[in-house]
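Peer 1: What TrEMBL records for this protein is below:
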type	residues	note
TRANSMEM	49-69	transmembrane segment
TRANSMEM	81-98	transmembrane segment
TRANSMEM	157-178	transmembrane segment
TRANSMEM	232-254	transmembrane segment
TRANSMEM	266-283	transmembrane segment
TRANSMEM	325-347	transmembrane segment
TRANSMEM	353-370	transmembrane segment
TRANSMEM	390-409	transmembrane segment
TRANSMEM	415-433	transmembrane segment
């Protein structure tokens, strides 16, 4: 098995790492993918006002704190597995496994949406996809094709995401420009509180602004993660919020349409009314391509999360096996199987289920962030949220309250299904430990719960003690550059070489 691990590492080194632009595109697709799907926020919000305010306010109290925390923890633990490693470091491997199981299940449910949405946009122009005889083979074909693209290499997925993002966003730039002469600002403040459907509104808003932490599961595949992650997260934040606000301002300001007309796919109709049939077709094609990008980004994160958990000894070693392209073959197949199994569920059911599981996992991440600040103050943090422990705790409070509120709004069916998944995870961990003890399947040997993560952590801590300037430099902005931080990272690498 040692040879297998070495071969896996050698394969990984031969394949290109993710650089800044592909990482920004992957973050964009992990979180957003464009304004497709935000139409329901206008309908559920009783008009444009709550939708516009929601994407600004929730970005401030939810997206920014989550992105900042992800930047600090992902650069502190630059390995595949992401939040599983954070939780394990703070609370031990049991809770790290629970976090990984909840987040993987939530991610697979999320990914089951995109082949369905892909066909939903196409069926407006190709009605044949309304019939199961054409729809089912198309769903399977799309899932298999996109899964194969993931298998061919993460750098290909990243490059594809850049092209897909450009194609998906450009028609909205055109629509925004064409709408300028027709915009009436007073239409932005329309709201009918009697028609507000709060559960649908918050679930739609939350779904379109979450998953900032998901890209952390690819940290081991990123070139110079200490600098690349913080820059990519800030750029991704600006791109995501802009991709929602600008199309909404253009369409709601230029068109006097009733909020009840705003449902999935309405941006295509708005494009036709503003620019003509050609813009409608362009937006429909962009929506279809965007769902492909969303699928690719989510599949990559889910698969590399399983790989990271396997490298930590939490899952059988087969999940850590890589193809000649450096991709985790079995982990990709496992995630693809989950997507196919769950694709029969309705959009709103999947949305509510995944939001609930995601919320539980995020509460645990906030707790881990605070505990690591208190219990491991000397942890090497190439980027550090620019607040002391009290301030860092304070920025977690508003998003934590939002998470609890989203869970409170869930239906009874969501409580039952999500509760069942949580209970399954509680029993699955001891079952895997038992299989490991009985040697029913092979696991990567680890002396510590976190595997080699602890060794890196010790080396980073030692480097921090020898270079006291890290604490000051770690408080730089996300776009800041620091030669001192670079020196500290070089020192860490030299110490690893000496060891």
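Every residue, even glycine, has its Cβ placed from backbone N, Cα and C.
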Peer 1: Three or more CB pairs closer than 8 Å, sequence separation of 6 or more: does that hold for the transmembrane segment (232-254) against the transmembrane segment (49-69)?
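Peer 2: Counting Cβ pairs under 8 Å, at least 3, so yes.
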Peer 1: Taking residues 6+ outside the transmembrane segment (390-409), which of them lie with a CB under 8 Å of any CB in it?
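Peer 2: For the transmembrane segment (390-409), the sequence-distant neighbours (Cβ-Cβ under 8 Å, at least 6 residues beyond its ends) are 58, 61-62, 65-66, 68-69, 198-199, 202-203, 206, 355-356, 359-360, 362-363, 366, 369-370, 373.
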Peer 1: Tell me whether the transmembrane segment (81-98) sits in contact with the transmembrane segment (266-283), defined here as at least 3 Cβ pairs under 8 Å among residues 6 or more apart in sequence.
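Peer 2: These two segments do not touch.
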Peer 1: Honestly, do the transmembrane segment (157-178) and the transmembrane segment (266-283) touch, with at least three Cβ pairs under 8 Å and pairs 6 or more apart in sequence?
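Peer 2: Judged by the Cβ rule, the two regions touch, with the required three close pairs present.
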Peer 1: Near the transmembrane segment (49-69), which residues from the same chain, at least 6 beyond its ends, have a CB less than 8 A from one of its CBs?
Peer 2: 31, 38, 41-42, 188-191, 196, 201, 205-206, 208-210, 212-213, 233-234, 236-237, 240-241, 244-245, 248-249, 252, 362, 365-366, 369, 385, 395-396, 398-399, 402, 478
Peer 1: Can you tell me which parts of the same chain pack against the transmembrane segment (266-283), counting only residues 6+ beyond its ends and a CB-CB cutoff under 8 A?
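Peer 2: Same-chain contacts beyond the flanks: 35-36, 39, 121, 124-125, 171-172, 174-175, 178-179, 182, 247, 250-251, 254-255, 257.
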